[in-house]
Structure formats: structure tokens, C-alpha cells
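Worksheet for the structure shown next.
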Amino acid sequence: MSEIDMAVIKPEMMKSYIWLQTSDGSIQQVEQEIAMFCPLICQEIITKGMGSSKNSAISLPQQVTPSTLSLILDYCRFHQVPGRSNKERKSHDEKFVRMGTNRLCELVSAADSLQLRPLVDLISRALARKIEGRTPEEIREIFHLPDDLTEEEKLEPLKNITDDPRIRLLNRLYAKKRKELKERERLKNVEIEEERVDERSVDDLLTFINGNDGDSKAVKTPKNKKKNRKKKDQQKNPSLKEDSGPEKKELNGHDTCDQSSDGNIIGETSNLTYEEDGTFSPKIDFDDGDMDDGIDPAIREKIDREVEDFARRINSDWAERMQDFLTSGRERTSTLSATNGNGYLRRHA
Amino acid sequence: MEPEEDNSETSTTISTLPDSILCHILSFLPTRTSMATSILSRRWRHLWKDLHVLNLDGYSFSAPELSRDQVEERFVDFVNEVLHHVQVRRIQKFRLDGEVRNYSHTLSFWIDSVTSGPHLQELYLSLWNSSGSFYTLPYSVFSCTSLVSLILKGDIIVSFDNLQSVQLPSLKNLELEVISVELDKLLSHCPALEMLKVFIFFNSGGIDPNEIHLPPSLKRLTLESEACDSTVDHLEIHTPSLEYLDLSLVACYSQISVRTYPNIVEACLNICFDDMHIDWISKLLNAICGAKLLALQASTTACLVCVPSLEFPQFCCLVRLQIGFEFFNSRVLIDLLHCCCKLEVLVIHACESVSYGCLYGEPVEPSSWTQPVSVPSCVVSYLNIIEFRDYEDLEEEHEFIAYLLERGLVLKTVTIHTRTFTDKEIKDHIIKKLSVVPRGSSTCQLKLD
């Protein structure tokens with residue numbers, strides 16, 4: 001609402017009332033100050049001049065029932081008072097969202113239709129809290145979700161469903177090239193590099209991506225504490241509970257990625273993601289640049305250089321490294337930006 | 001099930017909500033969790049892919065049986081997966097916390113992909129590194145024209161060479177908690193900056209915040225500098241729109257240049273106790289005299305105590321004062337109260353630690369209570385809440401509280417917190433002593449904790 005609008009309205013705004021019509025057809029009077037907190041109502045009043053009488057009552061979106069309107073107005077009534085401290089507002093909001101899940105859904109839908117962003121965010125957060133840390137069964141129960149995925153679908157939630165043969169071909173080519181490159185690097189840097197063996201089974205790979213599976217009992221994984229320079233602590237939100245250790249029985253039966261010695265994608269699986277050597281293929285529209293199936297030699301060179309840099313860094317001490325960085329850092333960063341834009345995803349050391 | 005689950009009145013369920021709202025709900029979750037919702041039901045299978053808010057948490061991949069490298073691998077694979085499925089160019093908020101020391105190239109690629117999108121508004125990178133090496137960020141971070149908020153934390157070094165142009169025309173919020181940063185150069189390219197938070201851990205030669213010029217658009221400034229191994233020359237805070245100031249300076253700044261801040265609302269000062277600072281501390285206080293809320297840490301107070309002739313400006317809007325002491329000094333406090341004519345809330349921390357600058361302070365002479373010549377006007381008319389923490393029942397402390405109890409005509413609550421592990425006997429004794437003091441306000445409640 002602009003300053004000018006406020007100035008125009010002010011004389012008439014001595015505790016004036018606005019007429020609103022809810023989804024069931026009933027009409028009620030509401031203090032204008034409070035109703036104006038909702039952008040949609042505000043707009044109706046200012047641009048269309050509605051709401052000043054019973055006949056010109058603002059007809060609210062159909063998601064706004066009388067009971068939800070009442071709640072929304074309570075929210076507005078509290079927050080439109082300017083003098084409140086942040087603590088007060090937060091405390092009010094915490095109590096405000098203590099209601100059943102369905103009511104919350106109804107409320108968020110109504111708030112959304114009225115474009116009342118702060119309330120939408122508040123309720124969305126509350127609903128998100130109901131998802132976090134729970135098993136899928138619990139979530140389905142809370143939200144009354146139908147369990148309508150097949151077992152197979154549950155285990156491969158990230159299968160690429162475009163099924164584009166071009167993508168598949170490209171993936172195979174990328175995988176081949178990447179494997180090639182990796183071999184060459186490995187041979188080159190065998191003394192310098194540490195041995196990095198990918199011991200993960202396909203099941204493990206699927207596990208962490210799934211996050212949580214069917215009936216597994218959740219085990220909360222401990223957090224890796226970051227190095228704390230200061231007294232400030234970082235709160236980490238627990239993720240959806242997952243089974244981090246042993247494989248689950250259901251996964252065993254659905255190996256879409258066959259273990260093969262040369263590491264290519266086997267079969268017509270359109271699963272873009274898991275190849276035995278653990279590398280990933282990008283989606284076709286992910287690349288901005290050229291689509292030739294070779295690997296840009298500049299990138300390769302840069303990768304080699306970076307590996308050597310890294311190895312060197314490991315072997316020198318801190319001060320030296322620091323000095324090193326400050327002088328050579330400039331060249332490195334400029335080459336990075338020069339080759340920017342190439343959509344090549346690679347995991348390397 | 002929660003007790004509030006009363007769904008009898010409505011038939012709306014989450015399934016009736018449109019995709020946009022469901023996706024909005026997912027945006028408040030860690031992305032790993034959002035991804036996992038794809039197995040909930042058919043409706044949810046692809047919902048998470050429409051996310052344009054990503055929260056990628058590498059620490060959630062750690063497990064006792066995994067080595068650090070393995071955790072990193074999984075995290076990197078995960079992020080690759082996510083970026084594969086979402087529409088990268090539509091991402092509005094991107095947050096990444098983790099360690100990816102083996103994958104700096106991949107990290108740069110992720111960042112480049114995300115910053116190339118025209119919608120990226122918020123970028124949060126928290127990159128730590130247990131091996132002692134550090135990250136450099138691709139330049140795309142500093143030339144992302146749509147970026148409104150940039151938060152960098154961790155083992156990152158931000159430096160620019162002359163050939164690269166820094167362009168952050170939309171940036172309003174900048175937060176840096178990194179190893180070091182060429183702050184001045186960065187700030188000179190953030191013309192719209194409103195909030196700045198900088199934590200400087202140490203200065204290394206070659207990167208210097210010796211002269212920091214702040215953009216005039218700045219409204220909120222938090223500057224925390226732990227760098228005490230160098231003397232910084234000049235800190236210039238010429239920001240007429242400043243509303244909030246939080247300075248925590250352990251380094252010795254020989255000169256601080258301030259203007260008046262007519263819009264100032266709140267200030268927190270933690271200026272380490274050093275001769276050089278005493279020179280300009282009164283200038284600083286003058287500049288913030290319009291504040292409504294003021295917090296002075298013990299180090300700052302020590303500076304004030306050292307200069308008995310220091311004239312405080314009139315804090316005519318001050319409503320709440322929080323003041324810390326290493327050793328309680330009633331003189332300085334009474335002097336201050338004389339200058340705060342509208343003070344309503346007074347909070348005292350009596351045993352805070354002080355950070356000393358390059359020169360160690362001389363031992364402070366113990367102070368004692370002297371009856372003020374006149375009663376500060378705020379005590380008579382405005383002061384209604386007093387809180388005293390780490391009360392040790394020293395004579396000076398007792399006299400001070402007693403004075404306020406007697407003269408405070410509108411006091412409502414006076415709360416005394418003793419130091420932890422204080423005997424109950426001592427507490428009782430304190431309460432008894434204070435209870436017999438005649439109170440100037442009939443509504444005054446005395447509480448001991």
C-alpha cells in the first residue's frame with residue numbers, strides 16, 4: 001500500500017468496517033485496519049473500491065470459510081499492532097499453529113488465496129515440522145496419504161522417466177569417456193593419490209538416496225560436528241530418519257545396475273544416476289555448452305593440474321601453503337571462470 | 001498422534017492443497033528429506049523436483065562406520081543427483097553445509113550452475129575443512145546480479161585479482177565468517193547493501209581490512225574482529241541510514257571515523273580495553289546517542305571507567321540499557337543514568353570478562369559507593385525494571401541497589417541474580433538485607449534468583 005493510498009484512506013478510517021463475504025455466502029463486518037493486513041483484501045478495497053457496504057461486500061476466494069476467516073483475522077489482529085517485540089510475535093505464532101493437521105491445511109490454503117505470505121510461511125513451517133524426522137508410514141497416517149506406489153516404484157524413485165534414447169546413448173558415451181579418463185589419471189597419479197576404492201554396494205547407493213525405506217526402523221545418524229572457531233553453535237536439523245547401515249531385504253531383489261567390470265550402464269535402464277563406478281551423467285538440458293561427446297582437453301588439463309596442486313598441498317605445511325595459495329590462487333581462479341559453463345559433472349580427487 | 005488432532009470439522013487434507021503449497025512446505029525441509037518424500041505416494045513422487053529452494057546438508061551423511069572420505073563421496077553424489085533432477089536455472093535459494101575438500105572442482109561446478117540462473121536470490125555456503133586447506137569460490141558468486149543475500153562461512157578465502165569485476169548490484173545482505181576476505185574491495189561493489197555481518201578470525205599479511213569503507217546504504221552492521229595480532233588503521237563508518245550497530249573489536253583500531261546516525265535504534269559495543277580506543281570512544285557514543293537500546297560489554301565499560309572526565313552525550317531516546325562490568329563501578333553507572341532521561345529498563349552484568357588490547361590495562365582501583373549529589377531523573381520518573389546479574393553482595397553493589405529502591409518511584413520489578421553455586425544461606429541473607437530498605441515505589445517487587 002503506497003503512502004498516497006494511506007493518505008487518501010486515512011480520513012475515512014476512523015475505526016471503519018469492511019464487508020466480507022465468505023465461501024458459504026454469509027457476509028460479515030470486519031474492522032478495516034485488520035482486514036487490510038491481507039493483500040488481496042487491500043487490493044480489492046483500493047483498486048476496486050469494494051467492501052464499503054453490505055451490497056458491495058468483497059467476495060473472498062472459496063478457500064476462505066467463516067471459521068478460517070475468523071482464525072486469519074485473529075492472526076492479523078495480533079500482528080498489525082506495531083509495538084510488539086519479536087519475542088512476543090514468535091510466542092504468539094507458536095501457539096497459533098497448535099491445531100490439527102487438517103485445520104492447518106485448510107488455513108494455509110485460505111491464507112494463500114488471500115496472499116497473506118507471513119501466515120502461509122508460518123503454517124508451511126509447521127507442516128514441514130510434521131514431516132521431518134518421521135517414517136513414511138507415520139507421514140502417510142498424519143496426512144492421510146494413499147500408499148499407492150508399487151514396491152518397485154518405491155525403490156527407484158529417481159528413475160528418469162523421459163526414456164529418451166538420445167539421453168541414454170549420451171549417458172553411455174559419457175560413462176565410457178569418464179571411465180577412460182579416470183583410468184589414465186589413476187595410472188598417472190598412482191604414487192601421489194591415495195587409494196580410493198568405491199566399496200559401496202548398489203544397495204547402499206540406493207539407500208542413501210531413498211533416505212528412508214519401507215518398514216525399516218529409523219536410526220538417527222550422529223552429526224559430524226564442524227570445526228567451531230567460535231562459541232556460536234550451528235543447529236543441524238535431523239533429516240528424515242534413515243537406515244544407514246545394513247542393507248534391507250527389499251532392495252536386494254531390484255538391482256537395476258548390474259555390477260559389471262567395465263563400468264558402463266548395462267541394459268536399457270534409463271536410470272541416469274547410478275553407474276558402477278559411481279559417476280553421474282548430467283541431464284541433457286543441464287549443459288549450456290557444446291554437446292560433443294569428447295571431454296574438453298582444457299578441462300582435463302585443469303583437472304590434472306588441480307590434482308597435482310592438491311597433492312602438493314597435502315605435502316607442504318600450513319604457512320607455505322598459505323603463501324602458495326595467495327600467489328597461485330589468482331591464476332587458478334581465473335582459469336576456473338574461463339572454462340565456466342561446461343556442463344561436465346565429474347567426481348574426482 | 002498429537003492431542004490437537006481434531007479433524008472432525010473439516011475434510012480438507014494436505015492432498016487437497018495445490019502443488020505450489022506442497023512444494024513450499026518441502027522448501028522448509030533439508031533437501032534430502034524432500035527427496036525422500038518421493039516415496040510417500042504417487043502425488044509426491046515428483047513434487048520435490050519442482051523445488052527452487054535447496055538445503056544441502058553434508059553432515060547428515062555421516063555415520064560411525066564411514067570414513068570422512070566416504071561421507072564426502074556420498075554427499076557429492078547426492079548433490080549431483082539433486083542438481084540433476086531439479087531445474088537448476090530456477091533455483092532461488094541455495095544452501096550448502098559440508099565438507100567437500102576432495103571435490104573442489106565439482107563444488108565450483110555446482111556453484112557456477114546455480115549462480116548462472118537468473119533467479120538466484122540467496123546463496124549460503126558453509127564449507128569447513130578438517131584438513132587445514134581452504135576453498136576458493138568461483139567468480140560467478142561475486143558477479144551474480146540477482147543475488148540479494150550472500151552468506152559465506154568456513155575455511156574460505158575471498159580474494160580478487162584486478163582483472164575480475166565484482167558485481168553485486170542487488171545484494172542487500174552480506175554475512176562473512178571466513179578465514180579472510182578483501183573486504184573493502186568487495187564492499188565497494190555492493191551499492192545496495194543494507195545488512196552486513198563480518199566475523200574476522202585473523203589477519204594474514206596481504207589481505208587487509210585496514211581501511212574499511214562501508215556502503216552508505218547500510219542499515220545494520222555487525223563487525224566482530226578477533227584479529228589481535230595487528231593494529232588496524234582506520235575504520236570508517238559513514239552510514240547515515242544506520243539503524244543497528246554491533247561492534248566487537250578485539251583488534252586495536254587507531255582511528256574510527258563516525259558520523260551521527262540519526263536513525264540508530266540499537267547499538268551493542270564490545271570495544272576492547274586499549275589506550276587507542278579511549279581516544280575515540282566518546283565520539284562513537286555521541287554518534288549513537290539517538291539509540292533506543294544500548295548494550296555495553298565489560299571491555300567497553302572498562303574504557304569508560306578509565307576516563308573519569310568522559311562526558312557522555314544525552315541519550316534522550318534510550319529505553320533499555322544493558323551494561324557489563326568486570327568490577328562493578330557505580331560512579332560510571334550513575335553518570336550514565338544522568339544522561340538517560342527516559343530509561344525504563346536497566347540490566348547489569350557484574351562479572352563479565354574483559355578483552356585487553358595490545359597494551360594491558362593497569363589494575364583498576366577498587367571503587368566505592370558515593371551518594372550521588374542529585375537523583376538521575378530517569379530513576380524518578382521512568383525506570384521500572386532493574387535486573388542485576390552476578391550479584392555478589394559487595395558493599396558498593398548493595399548500596400547501589402538500595403539507592404535505587406529508595407529513589408525509584410515507579411519501579412515495578414527488581415530482580416537480583418546471584419552467581420551460580422551461591423549458598424542458600426547467603427541468598428537469604430541478601431534478601432533480608434534488601435527487604436528492609438524502604439521502597440520509593442509501592443508497586444515494586446523484589447525477586448532473588
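In case you wondered, yes, glycine gets a Cβ from its N, Cα and C as well.
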The annotated region 'Disordered' range in TrEMBL, which must be one of A:150-169, A:330-349: A:330-349
On the 0 to 100 scale, where does the mean pLDDT of the domain 'SKP1 component dimerisation' (A:118-155) fall? 88
For the domain 'SKP1 component dimerisation' (A:118-155), DSSP counts of helix, strand and coil? 27 helix, 0 strand, 11 coil
